[in-house]
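Copied over from Swiss-Prot, here are the features:
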BINDING   LEU117, GLY121, HIS122, LEU123, SER349, PRO350, PHE351  (6S)-5,6,7,8-tetrahydrofolate binding site
MOD_RES   LYS226  N6-(pyridoxal phosphate)lysine
SITE      HIS225  site 'Plays an important role in substrate specificity'
Amino acid sequence: MSVLETFDPAVAEVIRHETERQEYNLELIASENFVSPAVLEAQGSVLTNKYAEGYPGKRYYGGCHCVDVVENLAIDRAKELFGADHVNVQPHSGSQANMAVYFSVLKPGDTVLGMNLAHGGHLTHGSPVNFSGKLFNIVPYGVSKETQTIDYEETERLALEHKPKMIVVGASAYPRIIDFEAFRRIADKVGAVVMVDMAHIAGLVAAGLHPSPVPYAEFVTTTTHKTLRGPRGGMIMCREEWAKTLNSNIFPGIQGGPLMHVIAAKAVAFKEALTPEFKKYQEQIVKNAKALAEGLTKRGFKLTSGGTDNHLMLVDLSQTELTGKVAEEALDRAGITVNKNGIPFDTRSPFITSGIRIGTPAATSHGLKEAEMEQVAGFIADVLGNVTDEAKLAAVKTQVNALMKRFPMYADRLA
């Protein structure tokens with residue numbers, strides 16, 4: 001038995017059950033992924049014990065010579081990966097990364113253009129329930145009703161009318177390529193700073209499968225998990241002239257001591273992302289997303305904007321008797337994990353929704369490819385066509401478990 005199993009069997013049991021869920025169920029939440037054993041090892045290391053307020057070479061505590069090395073490794077690898085002038089790897093999350101950028105540029109009451117959450121944006125891009133919507137004057141832009149893609153003309157009109165100090169670019173549920181150059185042109189017409197939140201697409205950007213925002217934005221934020229397949233955390237890139245201001249807004253501005261075990265895990269993930277194998281992995285994510293989108297469309301499902309260019313898709317259930325909530329719960333009972341999600345111009349509440357969001361990063365980490373995505377489309381169709389038939393859902397779950405056992409990820413942790 002492990003030390004944890006001996007001392008705290010209750011927690012050990014929960015961890016084992018979650019490992020089984022990740023190993024045998026089909027994870028299709030677009031923002032989730034599975035880290036490598038090397039990343040897990042770094043994150044579970046004794047670096048968790050070390051306080052290191054400040055930055056490498058300028059700490060407020062002694063004994064930081066080891067953690068200085070690991071933080072510099074993370075910074076240097078991120079710079080190489082994305083071609084950034086300056087990198088801060090200390091944000092605990094994507095939300096805190098965004099907050100630090102806002103505080104570097106804005107004052108309370110300043111005007112910000114951000115993508116409407118209901119159209120695929122993120123809470124921290126100006127939602128009224130988030131700090132960003134409470135502190136700043138938010139003008140939301142969104143997608144065209146006809147194409148369900150970003151309406152750049154309307155965004156420019158809003159910018160010219162409201163003269164924002166910052167334009168926030170990026171999304172949490174947008175399946176198409178984002179034209180960063182177009183946002184830069186719009187920002188330049190009104191003298192706005194551009195912040196790109198590429199949390200969802202960072203892995204694709206690193207692999208050259210989505211245009212990079214770095215040449216077009218003063219600031220680029222990201223999480224280090226999702227497509228980047230690192231530990232849960234945040235990171236900020238910026239132009240050199242903003243470096244000092246940005247650093248001071250992370251520490252001491254909004255955070256105290258950085259999580260050095262997480263920063264070590266970030267460094268490991270960035271090294272993985274610099275390999276040819278990582279590029280092949282990202283290519284497979286996109287291939288799988290397109291194959292799954294095609295399989296769902298073939299079975300009569302409607303996708304917002306008609307498909308996907310990246311790692312995710314939104315299934316529009318508004319013309320069916322299903323809600324996103326019902327669909328999510330039925331799929332969960334069949335061993336398939338997705339999340340209910342609003343669709344553009346949704347009339348249902350965020351707790352019910354008219355859609356589900358599906359992504360392929362985690363399934364691709366398991367090793368699934370296009371042929372399996374065709375099977376997955378069939379599983380989803382079988383479930384959503386029989387949401388009240390528990391026997392059918394159980395049968396699909398058996399098929400899902402059999403499929404996933406062919407593609408082990410953490411099997412050694414269950415031995």
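For all residues, glycine too, the Cβ spot is worked out from N, Cα and C.
For GLY121 ((6S)-5,6,7,8-tetrahydrofolate binding site), the same-chain residues 6+ apart in sequence whose C-beta sits under 8 angstroms from its C-beta are GLY114, MET115, SER127, PRO140, GLY142, GLY170, ALA171, SER172. Counted over all residue pairs in LEU117, GLY121, HIS122, LEU123, SER349, PRO350, PHE351, the record's binders of (6S)-5,6,7,8-tetrahydrofolate, the longest Cα to Cα distance measures 17 angstrom. The separation of HIS225 (site 'Plays an important role in substrate specificity') from SER349 ((6S)-5,6,7,8-tetrahydrofolate binding site), Cα to Cα, is 28 Å. Cα to Cα, PHE351 ((6S)-5,6,7,8-tetrahydrofolate binding site) and LYS226 (N6-(pyridoxal phosphate)lysine) are separated by 23 Å.
It is HIS122, among the recorded positions HIS122, HIS225, LYS226, whose Cβ has the fewest other Cβ atoms within 10 Å in the structure shown.
LEU117 ((6S)-5,6,7,8-tetrahydrofolate binding site) sits 21 Å from HIS225 (site 'Plays an important role in substrate specificity'), taking the C-alpha atoms as the reference points. Cα spacing between HIS225 (site 'Plays an important role in substrate specificity') and HIS122 ((6S)-5,6,7,8-tetrahydrofolate binding site): 16 Å, rounded to the nearest whole number. Taking the Cα of LYS226 (N6-(pyridoxal phosphate)lysine) as the reference point, the closest of the binding-site residues HIS122, LEU123, PRO350 is HIS122.
Remark: PRO350 ((6S)-5,6,7,8-tetrahydrofolate binding site) has GLY342 as non-local neighbours, by Cβ distance under 8 Å and separation of at least 6 in sequence. According to its DSSP assignment, PHE351 ((6S)-5,6,7,8-tetrahydrofolate binding site) is coil.
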